[in-house]
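A.B. asks: For reference, the structure I am asking about is given below.
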Amino acid sequence: MLKRLFFPLLIATFVLSAISHYLHWGPEITFGLSAIAIVFVAGFLGKATEAVAHYAGQRLGGFLNATFGNAAELIISIFLIKEGMFAIVKASLTGAIIGNLLLVLGVSALAGGLKYKEQRFNIHLAGQNASLMMLAVIALFIPAVFVKTENIPETQTMTMSIIVAAFLIFAYLGWLFYSMFTHKDMLEDHVDTQADHGEQPAWSRMRSILYLILATVMVAFVSEWLVHTLDTFTSRFGLSELFVGAFVVAIIGNAAEHSAAVMLAMKNKMGAAVEIAVGSSLQIALFVAPVLVFVSLLFQENMNLIFTTIELAAIGVAVLIATSISRDGATTWYEGKLLLIVYVILGVAFYFV
Amino acid sequence: MLKRLFFPLLIATFVLSAISHYLHWGPEITFGLSAIAIVFVAGFLGKATEAVAHYAGQRLGGFLNATFGNAAELIISIFLIKEGMFAIVKASLTGAIIGNLLLVLGVSALAGGLKYKEQRFNIHLAGQNASLMMLAVIALFIPAVFVKTENIPETQTMTMSIIVAAFLIFAYLGWLFYSMFTHKDMLEDHVDTQADHGEQPAWSRMRSILYLILATVMVAFVSEWLVHTLDTFTSRFGLSELFVGAFVVAIIGNAAEHSAAVMLAMKNKMGAAVEIAVGSSLQIALFVAPVLVFVSLLFQENMNLIFTTIELAAIGVAVLIATSISRDGATTWYEGKLLLIVYVILGVAFYFV
Amino acid sequence: MLKRLFFPLLIATFVLSAISHYLHWGPEITFGLSAIAIVFVAGFLGKATEAVAHYAGQRLGGFLNATFGNAAELIISIFLIKEGMFAIVKASLTGAIIGNLLLVLGVSALAGGLKYKEQRFNIHLAGQNASLMMLAVIALFIPAVFVKTENIPETQTMTMSIIVAAFLIFAYLGWLFYSMFTHKDMLEDHVDTQADHGEQPAWSRMRSILYLILATVMVAFVSEWLVHTLDTFTSRFGLSELFVGAFVVAIIGNAAEHSAAVMLAMKNKMGAAVEIAVGSSLQIALFVAPVLVFVSLLFQENMNLIFTTIELAAIGVAVLIATSISRDGATTWYEGKLLLIVYVILGVAFYFV
């Protein structure tokens with residue numbers, strides 16, 4: 001019954017929130033409609049990802065999902081950089097990283113863990129992910145420490161940021177080459193290899209890829225409509241821009257990854273859920289953030305890679321606890337709960353700034 | 001011979017130090033008598049714990065021991081909070097955490113390691129303990145960083161502390177539920193399962209539990225008498241309150257855990273020793289400290305959760321090295337030595353403040 | 001062909017750079033000649049180490065190499081301390097630690113990893129190395145935090161440094177006893193045990209040890225001649241003393257370890273390569289640095305153990321990423337690349353100070 005109503009409701013809520021956004025029905029109505037719409041489009045994306053993962057293997061499926069999810073993040077950030085709103089960009093990048101590592105991974109581990117006692121995934125991948133997350137923390141932390149303790153002038157800070165950004169992109173491309181080609185077999189989940197590759201016709205695979213692209217585009221649009229209504233809420237509820245950027249925007253912006261990861265975890269495909277959550281944070285830190293530094297060179301004001309102390313502290317502790325929990329290649333419900341508690345503690349701290 | 005004299009000496013030294021304390025024979029005499037008495041009561045507690053662990057399994061035995069050990073800590077702290085002596089409370093909580101992770105665990109690993117080449121314990125438990133200790137560090141670190149860099153007013157700091165404290169207690173209760181119920185089997189030591197459960201009559205079990213309670217109460221009393229003599233020593237030897245709180249009080253206050261853990265380690269029950277040492281630190285950080293924040297609400301002045309930079313640094317490095325050493329589920333004599341050296345380095349640094 | 005020319009070229013370049021140094025042919029010529037000479041003497045050292053490792057086992061061979069390599073470091077530092085140039089000594093110690101952990105280990109893992117898909121080594125050793133590196137970080141970090149936040153006077157800082165230095169040497173001697181005697185078997189690489197110990201006559205073993213000593217002495221000399229030419233380059237290229245000390249001097253000073261480690265890694269003896277790289281950093285942090293504190297007591301001005309914030313940050317992140325990568329007892333080409341990227345990021349940051 002609910003299954004048969006899914007597509008009509010998906011289309012109806014999507015179209016209604018589009019109309020509300022473009023015909024300016026007011027922020028309250030647009031917020032309400034697109035908040036409902038995002039539940040359906042995120043659900044659609046989850047299903048599409050799962051279908052692709054079925055053919056592509058858990059890792060490639062997870063990677064595709066992370067990439068499509070972060071495309072929206074990248075596009076929104078470019079508009080913000082054009083306006084010179086660097087503080088909000090950095091806050092939302094921070095929010096995306098900690099949201100994926102703590103909220104998405106936490107809910108996945110908790111929801112999956114309530115159903116399965118222990119959920120295993122590739123231990124090599126967990127170790128490599130941990131090292132990559134540490135590289136990201138180091139690359140953000142080192143320039144900040146040097147700039148803050150040694151009074152380095154702004155032009156040199158920008159040069160330093162550009163060089164570090166170039167090396168981060170270089171590291172990310174190397175990681176893709178490594179995980180997709182030279183060491184693909186070592187980093188794969190062996191749990192799911194009995195998947196019936198190729199038993200279904202080619203057009204069925206094509207269709208699931210098209211669905212994935214369509215679902216991602218829909219999520220991107222609805223996310224943006226929602227974000228546009230936030231200004232009103234920020235002023236009405238007295239929330240700081242930092243809090244809205246790092247938590248509200250990040251939660252909405254990650255709805256896609258969120259629902260996809262949780263659905264996979266509940267089907268005991270924790271490897272794919274981890275790939276989405278951790279893969280998405282890695283992509284933000286090692287690819288989206290440095291690309292934005294280069295993008296900012298096209299505009300009048302340039303954005304450096306220096307994050308604030310509290311942003312660095314938040315990213316640092318998120319990486320620390322996520323790494324500690326996932327390093328053994330397994331999660332349980334309680335580990336999910338721990339991640340969520342750290343997320344709440346960070347949320348409380350950001351709220352009071 | 002020594003065995004037959006144990007109980008008479010235990011009672012004699014206990015009674016003598018009680019008389020000296022209540023009849024005010026002077027701090028020097030009370031210190032000397034209760035220092036001797038604590039050796040015997042701690043030994044008694046060690047034996048009682050071992051007897052209970054024999055029936056209850058290593059983990060529950062260790063948990064009971066940690067709880068009874070920290071009851072004294074909690075009671076003393078409440079009296080200090082009533083007097084508004086927050087700095088000493090935080091110093092002694094810091095001292096209890098680092099004392100358990102470095103001194104108790106270090107001496108256990110060293111003493112056990114001199115007898116057995118390598119002592120193994122449950123590797124799952126070691127990993128979970130590491131994640132929980134990180135949660136504790138994060139929960140103390142994040143509010144401190146935010147308060148120190150963003151100039152958050154005192155009332156908001158107190159609100160933040162209360163919320164964080166509530167989530168820490170929530171995390172601790174979840175941990176008990178997880179480790180005692182849903183994942184009990186995964187976190188147990190399988191080394192000792194051949195223990196003759198239930199071969200002895202029920203009254204024998206009852207007796208060992210009664211002994212455990214009695215021993216804990218005796219330790220609590222003698223510890224307090226000892227602590228009362230410290231003021232004189234502080235002024236006479238020119239030690240700072242911080243040093244006395246974090247090292248002298250903590251060493252005496254942990255005498256119970258200390259002797260119990262070392263005795264278990266020397267009988268190759270390293271799992272139970274780790275449970276006492278790490279379990280006790282976790283209980284201090286995730287339960288005792290946040291409970292004290294709530295207790296302080298009953299009095300005029302309220303205590304927040306913001307520790308000083310050097311206290312956070314001490315807790316942070318203690319967790320780092322204890323985690324690094326125990327993560328592989330095994331200890332050797334040299335790892336014990338490393339923990340003790342870190343303890344001495346911290347002691348030296350606190351001494352010079 | 002190249003093989004037959006090796007020894008003549010080794011002796012020719014060594015003698016020529018010696019003449020250029022002592023007859024003052026000028027810094028440019030001395031730099032050029034000794035830069036070529038160091039390629040040959042480092043190659044010679046690599047071969048000699050390999051021959052000794054063949055008899056002595058990978059670990060003892062690695063240890064011998066690290067010790068001979070750091071002898072040069074120690075001697076140069078003593079001359080600098082005599083002149084009161086403490087900042088350069090600390091910068092070059094920092095550079096030696098991060099150079100070994102990131103550059104030497106990174107190039108070894110990358111070069112070895114391009115040839116072998118995954119290179120395994122003793123996982124116990126990796127864990128113990130990680131704990132020891134953490135001890136080193138803690139021992140440098142704790143006094144610095146206390147001194148910087150609590151305004152401890154200089155005389156007390158010096159006393160604190162002496163006590164901490166004594167305990168670091170105590171830790172290092174314990175580690176030698178542990179890894180060479182009590183737990184030798186647990187920390188050995190079992191990959192290479194089929195080595196034909198004792199099949200060759202005794203004089204052949206003697207000769208390889210003599211070659212090792214000779215090669216080390218030659219490296220020490222050429223390194224010093226090179227270092228003497230650096231002043232000219234520092235002023236001509238506008239580099240800071242900090243950058244030259246931490247990067248240029250450290251790279252040249254570690255040429256020996258570097259070439260030996262890379263050669264071993266390319267022969268799939270990653271265990272020995274790790275031993276050289278990590279063992280050398282440990283020796284610098286736990287032995288050379290504290291010994292220098294004691295040596296400085298013989299001169300008028302004394303050197304404490306307090307490093308600058310950026311030096312501590314650099315050492316901290318190097319240990320973090322090297323530990324994360326080596327903890328699983330295996331390396332791949334991409335992990336080598338990650339280490340090198342962190343090294344470049346640190347280099348860029350130091351360059352801009």
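Backbone N, Cα and C atoms are what each Cβ position is placed from, and that goes for glycine too.
According to TrEMBL, the feature transmembrane segment maps to B:30-48, B:60-81, B:93-114, B:126-146, B:158-178, B:209-230, B:242-264, B:276-299, B:305-322, B:334-352. Sequence annotations record features per position, and here TrEMBL assigns domain 'Sodium/calcium exchanger membrane region' to B:30-180, B:208-351.
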A.B. asks: Do you know the DSSP helix, strand and coil residue counts for the domain 'Sodium/calcium exchanger membrane region' (B:208-351)?
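C.D. replies: Counting residues per DSSP class in the domain 'Sodium/calcium exchanger membrane region' (B:208-351), I get 118 helix, 2 strand, 24 coil.
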A.B. asks: With the transmembrane segment (B:305-322) as the reference, find which of B:126-146, B:158-178, B:209-230, B:242-264, B:276-299 contributes the most Cβ pairs under 8 Å.
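C.D. replies: The stretch I would name here is B:126-146.
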A.B. asks: Please give the sequence-distant neighbours of the transmembrane segment (B:93-114): residues at least 6 beyond its ends with Cβ less than 8 Å from one of its Cβ atoms.
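C.D. replies: The answer is 70, 73, 77, 133, 136, 245-247, 249-251, 253-254, 257-258, 261-262, 264-266, 268, 270, 273-274, 276-278, 280-281, 284-285, 288-289, 292, 307, 311, 314-315, 318-319, 321-322, 325-326, 331-340, 342-343, 346.
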A.B. asks: Do the transmembrane segment (B:242-264) and the transmembrane segment (B:126-146) come close, with at least three CB pairs under 8 A (pairs 6 or more apart in sequence)?
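C.D. replies: No, the stretches stay apart by this measure.
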A.B. asks: Between the transmembrane segment (B:126-146) and the transmembrane segment (B:276-299), are there three or more C-beta pairs closer than 8 Å, counting only pairs 6 or more apart along the chain?
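C.D. replies: Yes, the transmembrane segment (B:126-146) contacts the transmembrane segment (B:276-299).
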A.B. asks: What stretch in B:30-48, B:276-299, B:334-352 has the biggest tally of Cβ pairs under 8 Å against the transmembrane segment (B:158-178)?
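C.D. replies: Looking at each of B:30-48, B:276-299, B:334-352 in turn, the most contacts to the transmembrane segment (B:158-178) are made by B:276-299.
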A.B. asks: Apart from its near flanks, which chain residues at least 6 from the ends of the transmembrane segment (B:276-299) lie with a Cβ under 8 angstroms of it?
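C.D. replies: Hits for the transmembrane segment (B:276-299): 49, 62-63, 65-67, 69-70, 73-74, 77-78, 81-82, 84, 86, 89, 93, 96-97, 100-101, 104-105, 108, 129, 132-133, 135-136, 139-140, 161-162, 164-166, 168-169, 171-172, 175, 254, 257, 260-261, 264, 305, 315, 322, 326.
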